[in-house]
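Asker: The following block contains the structure, expressed as structure tokens.
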Amino acid sequence: MRDGVAIYPGTFDPFTRGHEDLVRRASLLFDQVVVGVAESRGKAPIFTLEERVEIAREVVKPFPNVRVAGFDGLLMDFLRAQNGRVILRGLRAVSDFEYEFQMAGMNRKLFPDVETVFLTPAEEYMFISATMVREIARLGGDVSKFVQPSVLTQLQQKVSSKR
């Protein structure tokens, strides 16, 4: 599986230790991993696209074969622009599987030369979601176990400015 470029797309709002774990493991499986940070206007992220790209770059710095790029539009257009051959997706629970399985099937119908590879998180990250991390942070809870210290600082600043 080493040859080729794998694209790990997501909103990453914020970039969690679960995301980082998946990137670390993917970096051992593929020659190159591109973290594709999606604009995701429909989700109304608390961080701007530029902020999310910078946060992700900071977190993935230790992985020499990983780079980060933002995108707006169709994932497949981004994948082609990055010369990607594989879409990486994380699966935490059965609910993730159902949605991701449908997406992988649709992508295979539309783009038969692109594969989707699913990775499950390490046990300690199984229940982390960026949505939960954001909500806990908004309510003043401690999310230090779920994000890197640099992410924590930015997240705390962002939620305190919105109160």
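Glycine is treated like the rest: Cβ placed from N, Cα and C.
Sharing the record's features from Swiss-Prot:
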BINDING   Thr11, Phe12, His19, Gly90, Leu91, Arg92, Glu100, Tyr125, Met126, Phe127, Ile128, Ser129, Ala130, Thr131  ATP binding site
BINDING   Thr11, Lys43, Leu75, Arg89  substrate binding site
SITE      His19  site 'Transition state stabilizer'
Asker: Using C-alpha atoms only, work out the spacing between Met126 (ATP binding site) and Arg89 (substrate binding site) and round it to an integer in Å.
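Answerer: Pair distance, Cα basis, whole Å: 14 Å.
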Asker: Would you list, in sequence order, the binding-site residues among His19, Leu91, Ile128, Ala130 whose CA lies within 10 Å of the CA of Leu75 (substrate binding site)?
Answerer: none
Asker: Based on Cβ atoms within 10 Å, give me the single least packed residue among the binding-site residues His19, Lys43, Arg89.
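Answerer: With the binding-site residues His19, Lys43, Arg89, fewest surrounding Cβ atoms within 10 Å: Lys43.
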Asker: Please report the number of other Cβ atoms within 10 Å of the Cβ of Ala130 (ATP binding site).
Answerer: 22
Asker: In whole Å, note down how far the CA of Arg89 (substrate binding site) lies from the CA of Thr11 (ATP binding site).
Answerer: 12
Asker: In the structure shown, which of the binding-site residues Leu75, Leu91, Met126, Ile128 has the fewest Cβ neighbours within 10 Å?
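Answerer: With the binding-site residues Leu75, Leu91, Met126, Ile128, fewest surrounding Cβ atoms within 10 Å: Met126.
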Asker: Using the alpha carbons only, what distance in Å do you get between Ile128 (ATP binding site) and Arg89 (substrate binding site) once rounded?
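Answerer: It is 15 Å, counting Cα to Cα.
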Asker: Cα distance, Arg89 (substrate binding site) to His19 (ATP binding site), nearest Å?
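Answerer: Roughly 10 Å, rounded to the nearest whole number.
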Asker: Counting across all protein chains shown, how many other Cβ atoms sit within 10 Å of the Cβ of Thr11 (ATP binding site)?
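Answerer: Looking across every protein chain shown, the total is 18.
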Asker: What are the sequence-distant neighbours of Glu100 (ATP binding site), meaning same chain, six or more residues apart, C-beta distance under 8 angstroms?
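Answerer: Same-chain residues close to Glu100 (ATP binding site) (Cβ under 8 Å, separated by 6 or more) are Arg89, Leu91, Thr116, Phe118.
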Asker: Can you give me the Cα-Cα distance between Lys43 (substrate binding site) and Ala130 (ATP binding site) in Å, rounded to a whole number?
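Answerer: Counting only the Cα atoms, the answer is 12 Å.
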